[in-house]
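According to Swiss-Prot, the protein carries these features:
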type: BINDING; residues: C12, C96, C198; note: [4Fe-4S] cluster binding site
type: BINDING; residues: H41, H74, H124, T168, S226, S227, N228, S270; note: (2E)-4-hydroxy-3-methylbut-2-enyl diphosphate binding site
type: BINDING; residues: H41, H74, H124, S226, S227, N228, S270; note: dimethylallyl diphosphate binding site
type: BINDING; residues: H41, H74, H124, S226, S227, N228, S270; note: isopentenyl diphosphate binding site
type: ACT_SITE; residues: E126; note: active site, proton donor
Amino acid sequence: MQIKLANPRGFCAGVDRAIEIVNRALDVFGPPIYVRHEVVHNKFVVDNLRQRGAIFVEELDQVPNNVIVIFSAHGVSQAVRKEAEGRGLKVFDATCPLVTKVHMEVVRYSRDGHECVLIGHEGHPEVEGTMGQYDASNGGAIYLVEDEADVAALEVRKPEALHYVTQTTLSMDDTSKVIDALRAKFPQIQGPRKNDICYATQNRQDAVKELADQCDMVLVVGSPNSSNSNRLRELAERMGTPAYLIDGAEDMQRGWFDGVRRIGITAGASAPEVLVRGVIAQLREWGASEEQELEGREENITFSMPKELRVKAL
């Protein structure tokens, strides 16, 4: 068996920053540090931070007074921010800057009294946070659609003042179909100047397509609740290549690889490289040859830390 590795794969700049915010808060202020929602959707990462003293909660009413709370990379609604301010909680915001960009677009549409359509998955924390940026007091509304059927059923009040934004971790192919449906139904709809699907999502989807084209099977390292990891698995399967989403080597079954000559491995944007290395080590034990990394696309984007958590130069 030959192993091929997607490039890029694994952590993106937003995930790196979010995890580092929790780690530095623990270093500077000591445990416990409260985190609203899993800071990123990866079991290994969350378990490690929990062992260091991070306490993960779903709502701020689970957070005591006079503590530090961190908002996850997925972002939060304006209501959550106001609740934290009202209670005087010290907040560090780990929202990915590319999610914040979408939030600012929604706030602008809301302020101007324009309506907005969000393309995304209902119930995902990023979607809840983005929907929660819209203030309907100016007479507009925000609508959520997931697919072309939702667009067909959608009725808006202001088709002449309508915009769309997207969740940052969607499938580019699926999203383009929804956008086409929106434009066909609402010819005056306007989109953002720049695609809302983030660079890391796009790069990893391009890489898994290349991987699936060269392999008999694809393994996607990522947790089941990771949106971008699920999209990678779906993309590989759509290209006709069997694919499995795994948290790590412990999820693999030896029988999966009977008759497989080329195994492709990628990782979602919230999955650390150590898990990929564990998968490779297990495959090598089962007889796989040394891995080959595909050329891919270099990523050198970084996002700054909150001022109080920046490491001072010696």
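Glycine is no exception: its Cβ is also placed from the backbone N, Cα and C atoms.
Keep in mind it's a predicted model, so treat the numbers as computed, not measured.
Structure with Swiss-Prot features highlighted.
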residue	record	Cβ contacts under 8 Å, 6 or more apart
C12	[4Fe-4S] cluster binding site	C198, A200, A269, E299
H41	(2E)-4-hydroxy-3-methylbut-2-enyl diphosphate binding site	G222, S223, N225, S226, S227, S229, S270
H74	(2E)-4-hydroxy-3-methylbut-2-enyl diphosphate binding site	H37, T95, C96, V99, H124, P125, E126, G129
T168	(2E)-4-hydroxy-3-methylbut-2-enyl diphosphate binding site	C96, L98, V99, V102, E126, D196, I197, C198, T201
N228	(2E)-4-hydroxy-3-methylbut-2-enyl diphosphate binding site	T169, A200, T201, R204, G222, G268, A269, S270
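Within 10 Å of the C-beta of C96 ([4Fe-4S] cluster binding site) we count 26 further C-beta atoms, all protein chains included. DSSP classifies S270 ((2E)-4-hydroxy-3-methylbut-2-enyl diphosphate binding site) as coil under the three-state reduction. Taking the binding-site residues H124, S226, S227, S270 in turn and counting surrounding C-beta atoms within 10 angstroms, the largest count is reached at S270. The number of other Cβ atoms within 10 Å of the Cβ belonging to C198 ([4Fe-4S] cluster binding site), over all protein chains shown, comes to 26.
The (2E)-4-hydroxy-3-methylbut-2-enyl diphosphate site is set by H41, H74, H124, T168, S226, S227, N228, S270; from the centre of their CB atoms, other residues of the chain with a CB within 8 Å are V40, E126, T169, N225, S229, G268, A269. The [4Fe-4S] cluster site is defined by C12, C96, C198, and by the 8 Å test on Cβ atoms against their centroid, the other residues of the chain that qualify are A13, G14, V15, A73, P97, L98, V99, T168, T169, Y199, A200, T201, A269. In three-state terms derived from DSSP, H124 ((2E)-4-hydroxy-3-methylbut-2-enyl diphosphate binding site) belongs to neither a helical nor a strand segment and is classed as coil. Binding of dimethylallyl diphosphate is attributed in the record to H41, H74, H124, S226, S227, N228, S270, and the widest Cα separation among these residues amounts to 15 Å. With a 10 A radius on its CB, E126 (active site, proton donor) counts 25 other CB atoms from all the protein chains.
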